[in-house]
């Protein structure tokens, strides 16, 4: 087994390459030493302050014994301290924060929750997209379609994040998994915050109750997944969705957000398979409407949230995958996307004479900015990043080489 | 960066065209305005996708075409927003007044129950948004969508203007007047549309 693994993933490992190495030590002093020499940037401070605030909020609000809650926090603290576990758990902090807030959401008292909107989403759907698309697509039901809708919504959605994470870890460039955890966690965290601040009834509510006012005493509904329960003789979806943590959390659709995020990351690493990933997202969109769980506007909100966070992560954190390299162990160094060099309006087009054109003043300015202010990164790791000289603005290759060097001396605390 | 994000978000929204047309399979009839909206959505989706895939190596004619399409689409979107707002409010009136609607069928039980039941000292009816709140959020989200659209339009406009003024993207007139005889019909139309867009944009932006 290990021989097959080595042949598949490690046969092209460059000599003396350290970028794909994993920490195996369980000595917490290594982490503490790194922590002492760690200087956070402004971006890092915002990142940790935000996540820390949410976690503190959960610690105070979650209705459990304080000693129990503190024990969980201490356990995570230990996992963050041990280098071998820290490299995975600490980078997944946005995901843990999202999960903590999600499971706390069900405990919020009704008097502290905002009023539930029932008409906003169907109204927006009609105004922006010409009709109640979710109603129309759920108008004709049959068993094969039920199964076809159930697969992405009720099965793939729950396993896909783990499968994607494993494949990105094995096949993507080193540190890509960190970017995925960051983007996936923040997308879900932002989604749950939005669902709590703007509670809105899903399509199943309109089908059952019309536009009558909703209240927090009401149970959730499995929508079309009730038919799957009946086919299989189970009550998993009925029980799960009836007692959902965020019953009126239609906006945004995190099913859509997750599928979009997974498709974006897979397209980033396997661009040739992009049509397949687009198909998956479209399939999931259709299934959420067919099963009366979301309006089209919810799906768009989820996907737009994912797309925006993915773009941010791509611009400032993600390593660049190399074409035809499908193993993390094949990378000799890590190159990063440079938004400044990727800008087609930067540079001189490979022709020095063109610098005399007035617009070149702007160009020079932006390149200077680029050289002096590399965007802060919470993922940088000084030992593992290529110090490319691609910042030269006179090279004809620059436009095709969207590579930046990470800030020298930047350290990461895992 | 702005062009990539703006086009990406717009493309996601334009997928509605496929789902609107897919509704035909469930027996739903589309009226004329819905046909126009969904077909324009599909067409613009193709144009914007072409723009997005070439965002790092843009071709001036293509982006001139994207800009004009986006601008026309923005104006059409304003019109459709007003049109379908009227449609929604008409449908809502019908839902609230039709005795056979789900609203009428269930409102009796819900409203009478809400007067009796209380949750932590408040009536259950207070947990639902008032009609004013529903209107407020409906109008707010519609306005945000429209304002974002105009904002993205201006970003693309500024991008195309800078492309026109950048020496790297100077267009050879021979490229514009290229021989189209040996191209397929749709390619000829596409290239003509791009070239026409280039000339229009050149007139106003260069």
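Heads up, residue numbers simply count up from 1 along the chain you see.
Placed from the backbone N, Cα and C atoms, the Cβ positions cover glycine too.
Any TrEMBL annotation is an automated prediction that lacks curation.
Cross-referencing B:63-91, B:92-120 with TrEMBL places the feature transmembrane segment at B:63-91.
When TrEMBL is compared with the stretches B:13-34, B:35-56, the one noted as transmembrane segment is B:35-56.
Looking at B:135-160, B:161-186, the range annotated in TrEMBL as transmembrane segment turns out to be B:135-160.
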